[in-house]
Protein chains: 4
Amino acid sequence: MRRIGILTSGGDAPGMNAAIRAAIRTALKNDMEIYGIYDGYKGLVDGDIHPLDYRDASEILTRGGTVLGSSRLPEFEQDVMQDLAVNQLKRWGIEGLIVIGGDGSYRGAQALNRKGIKTVGIPGTIDNDINGTQRTIGFSTALNTICEAVNKLRDTSYSHHRCFIVEVMGHHCGQLALWSAITCGAEVLINQEIGYSEERVMAQLAIHDHFRNKRHALIITAENMIDIQALAKKVSEETNFSGRAISLGHIQRGGSPTPEDRMLGSKMGKEAVEVLMRGEGAKCICLIQDRIVVRDIDEALADTTRDDEELYDLFNDLV
Amino acid sequence: MRRIGILTSGGDAPGMNAAIRAAIRTALKNDMEIYGIYDGYKGLVDGDIHPLDYRDASEILTRGGTVLGSSRLPEFEQDVMQDLAVNQLKRWGIEGLIVIGGDGSYRGAQALNRKGIKTVGIPGTIDNDINGTQRTIGFSTALNTICEAVNKLRDTSYSHHRCFIVEVMGHHCGQLALWSAITCGAEVLINQEIGYSEERVMAQLAIHDHFRNKRHALIITAENMIDIQALAKKVSEETNFSGRAISLGHIQRGGSPTPEDRMLGSKMGKEAVEVLMRGEGAKCICLIQDRIVVRDIDEALADTTRDDEELYDLFNDLV
Amino acid sequence: MRRIGILTSGGDAPGMNAAIRAAIRTALKNDMEIYGIYDGYKGLVDGDIHPLDYRDASEILTRGGTVLGSSRLPEFEQDVMQDLAVNQLKRWGIEGLIVIGGDGSYRGAQALNRKGIKTVGIPGTIDNDINGTQRTIGFSTALNTICEAVNKLRDTSYSHHRCFIVEVMGHHCGQLALWSAITCGAEVLINQEIGYSEERVMAQLAIHDHFRNKRHALIITAENMIDIQALAKKVSEETNFSGRAISLGHIQRGGSPTPEDRMLGSKMGKEAVEVLMRGEGAKCICLIQDRIVVRDIDEALADTTRDDEELYDLFNDLV
Amino acid sequence: MRRIGILTSGGDAPGMNAAIRAAIRTALKNDMEIYGIYDGYKGLVDGDIHPLDYRDASEILTRGGTVLGSSRLPEFEQDVMQDLAVNQLKRWGIEGLIVIGGDGSYRGAQALNRKGIKTVGIPGTIDNDINGTQRTIGFSTALNTICEAVNKLRDTSYSHHRCFIVEVMGHHCGQLALWSAITCGAEVLINQEIGYSEERVMAQLAIHDHFRNKRHALIITAENMIDIQALAKKVSEETNFSGRAISLGHIQRGGSPTPEDRMLGSKMGKEAVEVLMRGEGAKCICLIQDRIVVRDIDEALADTTRDDEELYDLFNDLV
């Protein structure tokens, strides 16, 4: 393969630039040409395609977001759009494509693969919700941002005998909530896996209120689960804590990537180029037990095993 | 004066601990006794009062919140509550009282003063909305937190051609919005002083969209002004930007105080003790043209001059 | 086992408090008593031992350092000191001991084990230099601190066409240097594993200077390798860069632990208690392929395999 | 005046970009042309001069360093170099020049002014050591960086009963040391204004060691004052603290500017353009009592009044 392309799609995530940088430099080191496709599948269809050189990879490793831009294009499910994309790639002589994004982006990659373009996916999303890999690029940074924000809430919470209900991102996946509950020392966790029951939450809170005489408490909830304002009101009415709700919002998507995300992005970007160099396609790069593994996209997306039992036990033991 | 008390009241603000530390150490250096009153006027009425010594001032300078705790007690407007407070102070032999908080807290201090307790107020609130002083303790840190949060939004904004509408705190005062609009480089500012008009906002946005071809834009609005979700929707519909709204919320109240807030708190805490040492009361500590000034509370609260014209010009010139 | 002890020894590392917290809570949940031994083996010999309860684990998860204090006590190699320690433990009725620290601390734990005290080691050091585990508590936070410091240098480096030589910690191990070189995007790496040759460094620098026309460059070196001031002088004399040297020093040991270190410390602290609950001793807790593994201390310390070849390849490909 | 130039000179400082941005936008708003001169006086002599437009001011407000680059050029004291510079400016039709830097840079500006170029200086240096202004751009950010670094040291200091001797920048001026001693809560301060005496330092330390039983202590010293390693050794030998020395180095020059420096840079950049618009020269922009003031360079540089007595009193009272 002589010429490959790279795009980022869906929600951006810190560390995507590390993957882009690694792909550029690995391709150039191996005498391949690499083209940047801007604003995701939209730019692919529109032909917003530009050659990348060594310097395009400079000064981007430490920056959040994606220098290639991103977008959501639901219409890319349509055959006609995919054909436009294939035509663009052929026009530019691009034989292989690296797609950094979530599972929606992976489905686009599969469609292109079926139409003769070798594709390889890199899991880039803060939500850590992609089947087949234990970790996605951006998760570490988002977790770090949550921890820093909760640290700030802690000061004011302690001063006012408050219970903060903090809503974190995760789309329909409870990973960010679970990890942040453990690493921020939350008293209560609400997410998709353990569900929500008002009685449980109020009972858990009561332990910290009455028996442990705590000056503040922290409830972490995944988004798309509950009405956090209503719960805050309930807490104020039924406990000695003053309830306050905050949704951390889009700050969780930004920030300079942590070393972990820079490392993960670098490894995956390099590996993706090597997959294309070997002429393979319909693959995705995964992290399993701290090792980079190349899997078939179909197989990875079908792999719904996720063993978080140990983490739930840990949360329960340390609360 | 041999024995004084100190309390924090209303919303907490980073740098309050610097003022508490300075008050403790200045009092002890001058052979006065100083007592901490916990959880604001509530603790005063309840007699939650404890002597403070040198070590109570250790390790608190760098921490957000207030180690004395705070609360809101609207009932303190009532004469009967004030009498309870005076009785507590007399019981403990406390002749002078330092109150750190906002204008509500100042009114409580005035009431106590009328009943024979020498009081001195220190302006502690992130909102910078206290008459008579150009700066309040906590404003610098809140501004810093806003700038950091907006930095994170910028990454993701750039990647997605977005316009973020960021709602910042300030109660009914536009100071945090004004300062953060200038220091974050916002394209549009909405606050109490300049008001809101949809036409203006959309027209200003259009300049950056059409003529300057910007990849992202930032609108900063004070709280209690607009429905930010509705504006985000409008932006998405009527411009090329994808509108997103975020309310930064209580993270603005927390965090380790900036050097500026540590310095301001230290100066004001020291000055407040010296006012009581001189046997004065019904005073408040102000910052005017970067100088610590002692004013009568009544006079200060009545001083509604605030000359921000230069800052609005600056914002308009740099946008 | 009814009563256990816990101490931290050697250099402190962020995340040690997470392990202490997890050990306290896990022990209490399982109806064991747990005693804190202050200032490491010194406090053990001196009998500076105090019971820990639920609240001793509160508010410590997010703090750097170790709330138990630490010290270095080379004399603990002597039999007589170890006997004093055993007597103290027996006097307090402590049957098992958790030791958080580096390999020196592990050797103390082995000695105590030979004298009848069940011991379990937790790897706590920023250097990531303990045999038998792929990761130590504190490494992630130190790496993060290095990345943040280098980010600050980058601004000023770019402005002045500079080459910074940054010396990072690691004791006699090149792990921090290797990881930070990759995640900070260094142009040149010097550490114990790849050694130092002036010709190599100047040749690598020349590529970035002449061919790539870079405005700045970054050399990362492990401590105990070279005279960084001398290299800076050389760089200034023989390249177009202005050389500057900085040793990051002890800031690398501090800071609020990253989520990764909080998680690792939490898992290891819990596991260590469970090892003692099972009546086992002479064990240490390791992380291998992202999994918590319990190993014999002897076996772990003898395991010198460390496969970083992939990381060196990655660094070379991305430079 | 139709066309002006701008350059940054000497050590870079965070907030210089805010001044550059403000100058660009203010000039363009007033229908003036503005040219960037790269790498300071060196670029001026070499003719490294480029027009700046609206977009050159985008995305730079939040970045440390200077996008115009900087350099030191001692030879610019020579008449022949100054003539080369004047010729370049005339060739480009540049009638007025904004120089951002320290007092060395100001002297260059004065020389050019004497040769017919209208010049205006903006004080840009982290050292806060320019006569005639109470604050320089970059000081707030450097102070903030120092506070963050000391926070990290505090964790490890507390764990090990340590006394850290922290050397901060400041060139030959004690401002950064004084302000950071107050805002970091140092026990001992050493700087140019109060000098160094070993007896004083050891006596002050002894108070905290013996009487206050502190677990750690902090000495802040300005650079160019003492051998910090020697003092650390002394502390270890003669007190109960374990002495450690750290020189914070160039990280103090970097980092995203604080809101205060962004604001100060913005105000000064705007004012500088307005000075040139009025056809004035040989001026510099100062901050006095929180107000922007335009002064003659000669007069400002001769103004050696600096009243820090209040701050030294504050430090002494709070220690």
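Cβ coordinates come from backbone N, Cα and C, glycine included.
Annotations in TrEMBL come from automatic prediction, not curation.
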TrEMBL substrate site partner of B:Thr125, B:Ile126, B:Asp127, B:Arg162, B:Met169, B:Gly170, B:His171, B:Glu223, B:His250, B:Ile251, B:Gln252, B:Arg253, selected from B:Arg215, B:Arg244: B:Arg244
Recorded ADP site member, picked from B:Arg2, B:Arg3, B:Arg72, B:Arg154, that accompanies B:Arg21, B:Ala22, B:Ala23, B:Ile24, B:Arg25, B:Gly185, B:Ala186, B:Glu187, B:Arg212, B:Lys214, B:Arg215, B:His216 in TrEMBL: B:Arg154
Further binder of ATP named by TrEMBL next to B:Arg72, B:Leu73, B:Gly102, B:Asp103, B:Gly104, B:Ser105, taken from the candidates B:Gly5, B:Gly11, B:Gly174: B:Gly11
Sites among the binding-site residues B:Arg25, B:Glu187, B:Lys214, B:Arg244, B:Ile251, B:Arg253 close to chain A [C-beta, under 8 Å]: B:Arg244, B:Ile251, B:Arg253
For B:Thr125 (substrate binding site): intrachain residues, at least 6 apart, with Cβ closer than 8 Å: B:Gly10, B:Gly11, B:Ala13, B:Gly101, B:Gly102, B:Thr136, B:Ile137, B:Gly138, B:Phe139, B:His171
Neighbour count (Cβ, 10 Å) for B:Arg253 (substrate binding site): 26
Nearest recorded site to B:Asp103 (ATP binding site) by CA-CA distance, among recorded positions B:Arg25, B:Asp127, B:Gly185, B:Lys214, B:Ile251: B:Asp127
Between B:Lys214 (ADP binding site) and B:Ser105 (ATP binding site), the C-alpha gap once rounded to whole angstrom: 45
For substrate: widest Cα to Cα gap among B:Thr125, B:Ile126, B:Asp127, B:Arg162, B:Met169, B:Gly170, B:His171, B:Glu223, B:Arg244, B:His250, B:Ile251, B:Gln252, B:Arg253 in Å: 32
Pairwise Cα distance maximum in Å, ATP-binding residues per record: B:Gly11, B:Arg72, B:Leu73, B:Gly102, B:Asp103, B:Gly104, B:Ser105: 13
B:Gly104 (ATP binding site): tally of other CB atoms within 10 A of its CB: 17
ATP site shell beyond B:Gly11, B:Arg72, B:Leu73, B:Gly102, B:Asp103, B:Gly104, B:Ser105, criterion: Cβ within 8 Å of Cβ centroid: B:Ser9, B:Gly10, B:Gly40, B:Gly101, B:Gly108
Spatial neighbour of B:His216 (ADP binding site) that is closest, considering only the recorded positions B:Leu73, B:Asp127, B:Met169, B:Arg253 and their CA atoms: B:Met169
